[in-house]
Structures are given as structure tokens and as C-alpha cells.
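Just below is one structure, and these are the notes that go with it.
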Amino acid sequence: MQLQLISIVLILHFMEYTNCQHHGSRHRGNKQVSGVSSQGCQGGCQTCSVYNGCLTCKPKLFIHLERDGMRQIGVCLASCPNGFYGTRSPDRNDCIKCGSECDSCFNRNFCLRCRAGSYLHKGKCMESCPDGLVPSDTKKECVAACPALCDLCQNSDTCTRCVPGHFLHAGQCHHVCPDEFEPNDSMECIPTVHCEVSEWSEWGTCSRSGKTCGFKWGEETRTRKVLQNPSPMGSPCPPTSEKRECFVKKKRCKPPKGQRRGEKKKRFNLQEKVTAEARRERKREREKETIDREESENRNKTEQRRRRDQSRDAGTV
């Protein structure tokens, strides 16, 4: 590479000398390689040429030669482009072209990515893969031959994705998931989850139509909670409430306080009504007794008068 730089400088010397002879405008007393300069260089150049761009770069930058017809134009870059790898030395940092089969490389003998039609294997680009490996068009690499029914695999024993219609379980592809497993949306077998419930609570208060009095037979209820909902193929949850018939000693329901006062007043009014009716009934009975007695007395008096009249008539005869 140093020899290449010396050649470029000599060419520039010659071109500059020819240019001076042609124009006749330069003095030999001021003769210098005016085509090579550190003034006005751009793009990270440390020294540059009008005809060939950058000749040397600032520290940490790589010089990369781009072909322009018969010329090579030097540019300074922070990293080398695809198809080139960088080398560093105390004098300069250069971008070196990868091997013809490499699209990207770590060095000339170790490819990182291959050109179309080749597949990467251990840093080399191959048109066909070694025995036991198959080319991957997605990775552009030689990969392990997948087991049967595998669409993608980690190695020759472990699948990572199955062909359509099959399910992945423990690195293998199955027509159906094993017992106690079920498929998810990604066609993977996952453990089946069954419903879990808590213990039953204590039996509740015996009641009937929401009341706890005024009956002998009622119902009491107990409940339990769902601790784990089931997966689609898991065992469903059992009932979470249960009822049974219950017996209690019948007792009268006490009305609310306001209603109790109203009922008391109602009973008092009813009692007063009954009492008044009874008094009226007794009055009617007394009046009837008086009338009956008077009628009886009148009948007796009439009978006595009739008898006296009969006796008087008989005496007259």
C-alpha cells in the first residue's frame, strides 16, 4: 500500500510538471508539488490532490479508493463499505477489498455475508453445502438439515417451527398435541389449564323469599370462588353455589316500628268499633225486651178485661 501511495505521488509530480510546461506560468525558483496539499482538503482528508482526492486521512479514518474510469479517487470514511474490510497501521488505515465471493467480510479469508448464489459456512462462501447441511435462502447460510415436519430448526434434532397443520412440542413436530397439552395461536403445544375452585363456605341463614320468619321450611345457600379459569380445552368450572332445604321453628314476623304503631292504632280502632257495635246491640236487645214486656203486659190486661166482661155477662143472665 505504501508503494501504491508513492506511485500516486510520482504520477501527480509528472502531471504537475507537464501542466507547468504547457502553461509556462510557473517559475523554477518556486517549484513544488502543488497538486498535493493539506490546504482546503475536505471530508476528513489530511492531504489531498485535485486529481485523486484524498491521499491520506485524519486519524481513525479509513482511506477508500473509488474507481472513476482510469482514475482512482481517494475518500476518507469512518468505516469501510460493503465488500471491503478495514486494516489499521501506525501510518494509515486502509479499506481492503474482500474476496470476490464475499459481500461482506471480517478479513480477506473470513466472509460475513455472501453474494447471491453462495451460502456462508464457517466464514467461507460455498455454492453447495457440506453433507448434513442444507442451504437456507432466508439466512443465505448452510444450516442443519431439519427433522421431518420441521419448517425451521435450531439443529438437526430441534425444531423451532413446524410445517402447516402440525404442532410444536419440546422441539418436535406432532400431528396432535400430547395429553394434557393444547395448541395456541402459534401452533405450539402448551400445558392445559384446568379450573380450580376454593372450598365451600359455611351454609347461610335459612330463609324463604328473602325472609327469615313466618315459615317452617326454607332454603339455605353456600358458595365457593373460582381460583383459576380453565384454558379452552381444560376442565370447566363446577357450580359455585349450592342450595338445600332447611327447617326452622316457625315464628311471627315483627313488622317495622312505624308499621307496628299503625297496626296498633288500627287494632285499637277495630276494638273500639266492636265495642260500640256491642253496646248498640245490647241497647237494641234492651229496647226489644221493653217492647216485649209492654206487649205482654198489654195482652195480660186485655185478657183480664175480657174475662171480667165474660163474668159480668154471665151474672146478668
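Each residue, glycine too, has its Cβ placed from N, Cα and C.
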Mind checking which of CYS95, CYS111 has the disulfide with CYS102 in Swiss-Prot?
CYS111
Measure from the Cβ of CYS237 (disulfide bond) and count the other Cβ atoms within 10 Å, all protein chains considered.
16
So which disulfide-bonded residues out of CYS80, CYS102, CYS129, CYS237 end up within 10 angstroms of CYS45 (disulfide bond), measuring C-alpha to C-alpha?
none
Please report the DSSP secondary structure of CYS57 (disulfide bond), reduced to three states.
strand
Can you tell which of the disulfide-bonded residues CYS125, CYS129, CYS195 lies nearest to CYS111 (disulfide bond) in space, using Cα positions?
CYS125
Compute the C-alpha separation of CYS129 (disulfide bond) from CYS114 (disulfide bond), stating it in Å without decimals.
13
Of CYS76, CYS102, CYS189, CYS253, the disulfide-bonded residues lying within 10 angstroms (C-alpha) of CYS54 (disulfide bond) are CYS76
